[in-house]
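Here the structure comes first, spelled out in structure tokens, and everything after it is commentary.
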Amino acid sequence: MSKLVLVLNCGSSSLKFAVVDAETGAEHLTGLAECLGLPEARMKWKLDGKHEAQLGAGAAHVEALSFMVETILASKPELKANLGAIGHRIVHGGEQFTQSALITDDVLKGIQDAATFAPLHNPAHLIGIEAAKVNFPGLQNVAVFDTAFHQTMPEESYLYALPYNLYKEHGIRRYGMHGTSHLFITREVANLLDKPVEEVNIINCHLGNGASVCAIKNGKSVDTSMGLTPLEGLVMGTRCGDIDPAIVFHLHDALGYSVEQINNMLTKESGLAGLTEVTSDCRFVEDNYGEKEEATRAMDVFCHRLAKYVAGYTASMEGRLDAITFTGGIGENSGPIREMVLNRLGIFGIEVDGEANLKARFGGEGTITTANSRIPAMVISTNEELVIAEDAARLAGL
């Protein structure tokens, strides 16, 4: 039986898709529909070369998925015919889902219930699931939750110091994100170190436009920087990360900002975009560090925050840390950021290998610290699509 899986990731205004062989990891098709719901809605994909097409003004997730089926897959009927399952990335599963699940009515309800914590993403996931059912009526759908990996966190890590009934009655707690990526990196480190996953102790830095750190002890998440939502934690592309909560009251009461304006500011106008007042693109920050004040300011704050988190998470390791790992678009490609962060952790006996660090980009992987470094640091390319495909194949019985 074929182990080809269609992997879908429906964002608020995007649809990322791939056809992945769950057995070999080979990607037979990859693509991205973006600007959904807007006049410039378009799709880019790779299948026997690179392609691009306009989807039509206002095209949304349903139209994008239909285009993928009726135009792209129609050009490769054998690819569509060999699909065995569909795996959906789900941003938030609340406390209900500790692992991936075959999608049933109960699972759909759980995704809907968790939408209160991910109001932009979970509703889009539900649209994608329904569209997939229509276009692929014979295939089983599997939900793979970003939050599931973090359900092993102890109470001391996931509770906020708020009235306890807010957790008991309303589920207000730390959930974390990027769990699929953190899980993949944990497995990769186990392979690299030739030890069981259950013995791996790492601090993984998933750095992209969204970013999070995860403390992983004995192969399980014990703490992570994102919280109830993806807004908490590190400085990100447009998200503020950690701030004094009273800033919200000051913005509202003293400066006259509406709740909607504050929400928009913290999620879409802060982070690197806010600090530079120019762009959320980390490449601008890196390229202009030391030359432009706004770039220098943003990079210093970004690296300081990240180094603080990494240092703090050593408290969860109980005396043994196998590695500090970097992944995600920034983590895999920004040598200067990795070096700045690791240099701030010199108290742990970490020594960066400058040459190895420079080589580890654009798909290059490996250890970026010297042989004398007490704790190794590694760059590892993440592959969330493969984890989703593997779980979908397993649960669908492929």
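In case you wondered, yes, glycine gets a Cβ from its N, Cα and C as well.
Copied over from Swiss-Prot:
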| type | residues | note |
| --- | --- | --- |
| ACT_SITE | D146 | active site, proton donor/acceptor |
| BINDING | N9, E384 | Mg(2+) binding site |
| BINDING | K16, H206, L207, G208, N209, G210, D281, C282, R283, G329, I330, G331, E332, N333 | ATP binding site |
| BINDING | R89 | substrate binding site |
| SITE | H178 | site 'Transition state stabilizer' |
| SITE | R239 | site 'Transition state stabilizer' |
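H178 (site 'Transition state stabilizer') and N9 (Mg(2+) binding site) are 13 Å apart (CA-CA, integer value). Comparing local CB density within 10 A for the recorded positions H178, R283, the maximum falls on H178. Taking each Cβ in turn and tallying the other Cβ atoms within 10 Å, the top scorer among the recorded positions D146, D281, E332 is D146. A sphere of 10 angstroms centred on the C-beta of N9 (Mg(2+) binding site) encloses 23 other C-beta atoms. Among the binding-site residues K16, N209, D281, R283, I330, E332, the ones whose Cα sits within 10 Å of the Cα of R239 (site 'Transition state stabilizer') are N209. Counted within 10 Å of its Cβ, the other Cβ atoms near R89 (substrate binding site) come to 22, all protein chains included. Recorded residues H178 (site 'Transition state stabilizer') and D146 (active site, proton donor/acceptor) have their alpha carbons 5 Å apart, per Cα-Cα distance. For the recorded positions D146, L207, D281, I330, E332, E384, a Cα-Cα cutoff of 10 angstroms around R89 (substrate binding site) retains D146, E384.
Within the same chain, residues at least six positions away from L207 (ATP binding site) with a Cβ under 8 Å of its Cβ are L234, L306, F326, T327, G328, G329, I330, G331, S334, I337.
Of all the recorded positions listed (K16, R239), R239 sits in the most crowded Cβ setting, with the most other Cβ atoms within 10 Å. You'll find the Cα of N209 (ATP binding site) roughly 16 Å from the Cα of D146 (active site, proton donor/acceptor).
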